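TrEMBL has this to say about the protein:
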type     : residues : note
TRANSMEM : 20-39    : transmembrane segment
TRANSMEM : 378-399  : transmembrane segment
TRANSMEM : 420-444  : transmembrane segment
TRANSMEM : 450-470  : transmembrane segment
TRANSMEM : 482-507  : transmembrane segment
TRANSMEM : 513-537  : transmembrane segment
TRANSMEM : 549-570  : transmembrane segment
TRANSMEM : 590-610  : transmembrane segment
């Protein structure tokens, strides 16, 4: 009895596979809103973090000392006129200041001959096997911000470097941030640190500490005023540090004795004070969308991204002033707040004897206090992929015709895979050429708007070329051939092409889910309905009208989805392709290859299917 019911359910799913696939897809899309209600409160899962172990020792006196360091650093530029001379003098000042306090200091060259300085404080209670890194940048922001950054970091390094409780070596690194090359210079320093070369700039020594376990990049963008702490998590192509790196810092900020500052993950123009004032579903959804959008773009947001390339957990910390904050700490009190935050953050990692392992790097932050783990957010993507898998299995096994369900004879579909794979290869090749044109337009200096318009025109021409090259397929009669206890049904070429198209999206999006979930979810949600709903039309006048409508809808779906998404996250759609080309040229992001290597070929294959004609079935 159960077998009979199971067969009946199976036959119904096979006969109405498109409807069932669409329903599953809609369930996946709807579940994206449901999972927001499953958000959990952030918590520190790693017990080895030393939180609340002892209060901060960075006091008012240290704040005044840090302020004097910042003033001295700011005065370097008074007697110099050349920007390069000013920068060299500032970097030398950092080295001499560290030397004068009895610590090791070294210089090395970065990208384009820029200077990178690092200092080492050997742990009095350590064995030299592990180390922590505090990284700062000079030349990226305003001169006052650089001064506060260096003054606070120097005093913190001086205090912690002499602390009796220090169990790990402490490394302070200053990188050149001019021309936006701070990440490249950080990468150069890390490459040098992990290489066997023992020489630095001008054949001087380049000493190392222990294995880097955690790293923190700090920037005082607000100068000598602070009202909030912003944390940057995004690395290359949506790579995140271990979640406990953020949750630990979130707890550390609460321990500050001067003021309890708010923690934010977004720019001021993106979020404002939404997380302190609003908790409705719309604002939560927008914050989640912006978090995923930053991951999908794949652009690193801070110097910490360089450490993630070496499998080192790191975050970027930024003291900032927001317009809507009523409590702003200024002057020497700001130095105390910054110093205590840096001290407690580094001290929390001081006795961590092993790599972070309790929490993971698969998460979506809905703000500083809420997050979604992989167990919650994987459901929408899984349902969308299941809708593709259902259509794939049905078409590959039984073909487009479902009349075999009413007979007792087994039917088997036969596809011309060589033609289908050739169509896929042609679509990928054309997509690669369109993507290359996007990169070239950006390389010659066109504006983002011009690149978007130009590439859109090239894509339209490429679509017509693809359809012109493949129209020779024409209409092919389908033949049923009986072989004893089963019937072999030769499928039309468009069926095989549709199967290959679905398989291409299913395979690539399944793999992308584990590398960049945000990018995979956005791409799957846009491509799945195109793959499932595209279908050949009949050859009569009504079929021609249906074909025109199908072609129009298939071409309009991706731009419509891009416009809706861009509006939701606050990104101008007219600059989208130009920005993607710029990001890919500089950061080698995944988004542009995905668009022109997966999404655009899928659209071409769907257009091929929509412009095909159903053949007549013949039995033999």
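Including glycine, each Cβ sits where the backbone N, Cα and C put it.
Same-chain residues lying 6+ beyond the ends of the transmembrane segment (590-610) with a Cβ under 8 Å from its Cβ atoms: 237, 296-298, 423-424, 427-428, 430-432, 434-435, 438-439, 459, 462-463, 466-467, 470, 494, 497-498, 500-501, 504-505, 508-509, 512, 515-516, 519, 523, 526-527, 530-531, 534-537, 547, 550-551, 554-555, 558, 580-581, 583-584.
Panel annotation: around the transmembrane segment (513-537), residues 18, 21-22, 25, 28-29, 237-238, 291-293, 295-296, 298, 362, 364, 377-378, 380-381, 384-385, 387-388, 391, 492, 494, 498, 501-502, 505, 543-544, 546-547, 550, 554, 557-558, 561, 565, 590-591, 594, 598-599, 602-603, 606-607, 609-610, 612-614 of the same chain, lying at least six beyond its termini, place a Cβ under 8 Å from a Cβ of the stretch.
Here the transmembrane segment (378-399) does not lie next to the transmembrane segment (420-444) in space: the count of CB pairs under 8 Å, restricted to residues six or more apart, is fewer than 3. With a cut-off of 8 Å between Cβ atoms, the residues of this chain six or more beyond the transmembrane segment (20-39) that come close are 13, 281, 284-285, 288, 366, 370-372, 376-377, 379-384, 386-388, 390-391, 525, 528-529, 532-533.
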